[in-house]
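Report on the structure given below.
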Amino acid sequence: MLLPAVPAPTEILTESNSFHRASNKHSLPGVNGVSTRFTLNPGAEPRELSSDRLHLALGRTYHHRSGYVDINVKMGLVFGLLWLFNIFLEGIHCQGVYAPPTVRIIHSGHACNVEEERYTERVYTIREGETLELACLVSGHPRPQIRWTKTAGSASDRFQDSSVFNETLRITRIQRLQGGRYYCKAENGLGSPAIKSIRVDVYYLDDPIVTVHQSIGEAKEQFYYERTVFLRCMANSNPPVRYSWRRGQEFLSQGSDKGVEIYEPFFTQGETKILKLKNLRPQDYANYSCIASVRNVCGITNKNVLFKLSNKTASPTIKLLVEDPIVVNPGQTVTLVCVTSGGDPTPTLTWVHSADELPKKSVLNGGTLTLPAISIEEAGVYSCVASNNVGNPAKKSTTIVVRGLKKGRFWITPDPYHNDDNIQIGREVKISCQVEATPPEELLFSWLKNGRPLRSSERMVITHTDPEVQPGTTNLDIIDLKFTDFGTYTCVAVLKNGGIPEISIDVNISSTTVPPELTVPRDKSPLVVQEGDTVELQCLVSGKPKPIILWSRADKEVPMPDGGLQTESYDGALRIVNVSREMTGTYRCATSQYNGFNVKPREALVELTVQYPPAVEPLFTEIRQGLGRAFTLNCRMLRAHPSKVLKYEWKLGTRLLTIGQLDQRDETDYHVRALNREGYGEYTCEVTNEAGAGACRFLVTGRAYAPEFYYDTYSALWQNRPRVYGFKLQWTQQNPLSVDRIVAYRLGIKQTGQSRWWEQEIPMEGAIAKGELITHNLTELIKPEAYLVRLTPITRFGEGDSTDRTIRYSAPVNPHLREFQCSFEDEAVCMFTQDKRDDFDWTRHSAATRDTKYTPNTGPSSDRVGSKQGFYMYIETSRPRLEGEKARLLTPTFNVAPKSPYGTVTSSPTYCFGFYYHMYGKHIGALNAYLRQKGQSGADSSVWTLVGNQGDRWKQAKVNIHPTASFQVGTTLWEEQWVINAELRWP
């Protein structure tokens with residue numbers, strides 16, 4: 001059974017009864033201030049927060065100061081007492097106001113709906129193209145850092161490629177791929193990070209598409225009689241789309257026409273609705289409309305598409321008015337023409353390329369594709385595709401071949417029948433020449449000797465079809481080499497019909513033509529260099545002609561500096577710029593068969609050693625210390641090469657402190673026994689080897705850490721006079737004991753947008769404790785201006801780190817009402833909080849989202865104004881709840897009257913406590929309202945009670961209360977379901 005009730009809770013702080021310090025300052029023109037300090041202690045009284053009227057109702061919220069109301073529900077025979085204040089001290093007994101983060105996500109922007117899905121997740125629904133705005137409300141001290149992240153979206157959606165470090169996450173014109181789960185994470189170094197999430201569901205509806213198919217093949221020209229036709233309607237949407245069909249003005253439904261059948265294929269999961277026309281009849285030739293609807297969710301209107309079915313309806317056919325293949329030279333303009341030869345409705349034509357995208361400079365005009373100044377890279381298959389949503393699309397393709405020659409190479413092969421790599425008179429020698437050609441069938445070779453044409457003969461055998469070599473290769477075999485055969489042989493490659501520059505390759509055959517040899521100069525291996533240098537690994541190549549040298553790693557299979565597994569060199573040298581430590585190792589140089597002898601490769605090895613200076617930690621550390629204290633600086637060596645003979649020296653500024661050598665150790669310490677003023681400054685520890693030095697740097701300073709503004713001050717803003725307002729500025733001091741005592745704070749304040757600062761000093765007496773809350777009241781702030789406040793601690797060392805905060809004025813909703821109202825419409829639920837010491841929590845809900853399967857015939861069917869969209873708070877008292885369990889909502893404590901500036905009570909009025917309640921169910925017990933006053937522990941007095949089922953309707957109750965001290969109002973109910981909306985006001 002459900003127990004709906006009042007607003008959700010807010011965190012309440014307590015302060016000690018005695019203030020350590022108070023001082024009045026009036027040095028700022030237009031800005032006055034009063035400073036106090038207090039520490040949050042166990043057992044302290046709740047802080048008094050004044051109000052003239054408390055109103056717990058569905059409506060606007062007026063936070064006029066603050067109060068404390070306990071909504072306490074207990075199942076059983078006894079009432080739950082209102083012991084409240086201790087819950088706020090859990091986990092912070094020794095930490096002052098320091099508290100781990102809490103986080104809550106609220107929404108604004110253009111949400112269609114926000115639902116609570118059975119206590120497991122929150123779903124934020126938004127229309128595609130609208131603005132998503134999620135705010136992460138945090139509490140905790142120090143101020144938590146906020147980070148937004150996203151999961152459960154498309155892999156292509158990188159959430160702006162980063163996390164968002166703002167309290168508000170805003171996405172304008174949100175797209176469907178940006179739906180998913182968004183997480184807000186808050187952390188401030190205390191306890192575990194606080195994480196909340198919300199699932200964003202993006203709603204959309206695309207235009208529907210109708211496609212037409214036949215049951216027995218596809219007609220070549222038109223749809224004949226006695227054929228079954230399928231009209232398939234499909235639209236992308238979220239939520240799932242609902243389809244309806246209309247023929248002319250007639251809506252079609254299953255069974256309305258024997259010749260019509262409407263169904264959804266099971267494999268489409270509701271994405272498709274098919275209209276089946278069985279054995280086409282004359283009346284079936286008509287205009288068909290498919291209407292796609294998502295039932296107007298998020299204001300998304302229905303979309304429809306019209307298809308005209310006639311006896312001329314046919315799938316598309318096309319013709320290409322070009323050859324296949326099309327062979328062109330680079331730089332020519334190519335025009336591809338595609339025309340439709342059939343199809344009704346008229347097909348649309350488009351061109352696609354085998355490389356997925358058409359060239360950027362291409363021009364598409366209907367079925368005509370123009371490729372100006374075509375290049376070799378733009379060659380490939382181009383396809384024309386015609387579609388009219390009838391049958392299958394028609395597709396025809398042609399291939400564009402761009403003519404060209406590239407990569408001319410040669411090699412010399414000695415007589416294979418002799419175990420000798422040299423060329424000798426009387427033996428055979430073969431010269432091979434290779435060229436890449438497009439198209440390969442147009443490639444033509446010719447040979448020259450000393451510039452004269454050479455024809456194939458018995459001793460000079462020219463072949464172009466050697467099966468042992470790849471296409472594009474020609475061979476010249478010289479049988480029984482003679483002295484007269486010495487000379488320069490030239491291989492010439494051209495394409496048939498010209499238009500492309502030829503490639504010619506010269507090969508010299510003489511008595512000096514010898515196979516290659518590789519050697520490494522003595523001083524080039526092993527090679528020792530410094531990291532970051534430019535190094536040249538050298539292999540000397542002898543022989544004629546000199547082949548290409550291939551460099552690779554010999555010790556492991558890793559890429560070379562240029563990224564490939566091998567690097568070509570024409571002079572035998574491998575140059576590496578900005579060499580790194582990872583490049584230390586063994587390198588292999590080897591001859592290739594290209595542009596040289598086709599013999600067993602020659603190899604040589606080069607050892608490379610890269611030295612680098614020591615890597616140390618920490619690179620930089622700031623150390624804050626007070627005078628007279630001892631501390632130790634530590635510098636640790638992580639890695640170095642060479643790692644032996646490491647020296648270190650400590651300096652303060654330029655003054656040498658100590659030197660030494662790291663033998664078996666990898667770290668060195670420097671001790672300061674008692675810090676004096678001359679000991680402040682930058683300490684440097686340099687660790688050196690042959691390659692250089694690494695340095696640890698320490699800045700020792702007496703600067704105080706920055707203050708930590710306290711953002712959870714309740715009712716920090718108050719009204720003074722019609723034209724001015726005041727602000728309660730609160731802060732703690734970060735690590736106050738790490739440096740000398742803070743003697744004062746410099747407070748700077750200026751209006752935002754202005755350049756002039758006003759400053760004053762706030763003196764501090766005695767040491768500030770960790771977690772001690774310091775308060776300074778700013779007055780005479782001009783409405784509605786915002787102010788930038790800067791706070792700087794001061795010690796005898798000087799000024800410390802500053803902290804800035806912006807103070808903004810926010811006018812009350814109705815400044816003329818002296819009342820406090822509460823509402824459930826806002827997710828913040830008027831600053832109520834859940835009691836952390838109860839057994840279960842209240843849940844914010846509305847009749848529109850109420851699930852009655854657990855508690856039928858109970859609970860309200862709407863809020864008190866009759867809206868099913870209005871929210872209320874409820875609890876579930878049926879299973880798994882047990883007798884005696886409690887759920888409690890908390891509000892602030894209320895003072896009986898406003899206080900004067902001197903803390904005296906000026907009046908003690910009567911309050912009217914009014915509320916709306918809903919008590920409906922079989923086992924309704926008693927609903928009670930209690931009054932508890934400060935200083936009267938255990939004396940909670942009942943001010944109102946009601947017993948039994950009051951029917952399925954909202955009712956109002958009012959009662960006058962007469963507190964004489966700060967008070968709380970609590971309500972308690974036995975069993976069943978109820979809702980209460982209450983108000984407190986002047987009678």
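Note that Cβ sites are derived from N, Cα and C of the backbone, with glycine treated the same way.
TrEMBL labels come from automatic prediction, so no person has curated them.
Taken from TrEMBL, the feature domain 'Ig-like' applies to 101-201, 208-293, 316-401, 414-510, 516-607, 614-701. Feature annotation from TrEMBL assigns domain 'MAM' to 820-969.
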Next on the checklist: As a quick check of your reading of DSSP, tell me how many residues in the domain 'Ig-like' (614-701) are helical, how many are strand and how many are coil.
Outcome noted: 3 helix, 60 strand, 25 coil
Next on the checklist: Within the domain 'Ig-like' (101-201), what mean pLDDT does the predicted structure show?
Outcome noted: 80
Item to check | Tally of DSSP helical, extended and coil residues in the domain 'Ig-like' (414-510) | outcome: 6 helix, 47 strand, 44 coil
Checklist entry - How many of the residues that make up the domain 'Ig-like' (516-607) does DSSP mark as helix, as strand and as coil? => result 6 helix, 43 strand, 43 coil
Next on the checklist: Just to be sure I understand, if DSSP states are collapsed into helix, strand and coil, how many residues of the domain 'Ig-like' (316-401) fall in each?
Outcome noted: 3 helix, 49 strand, 34 coil
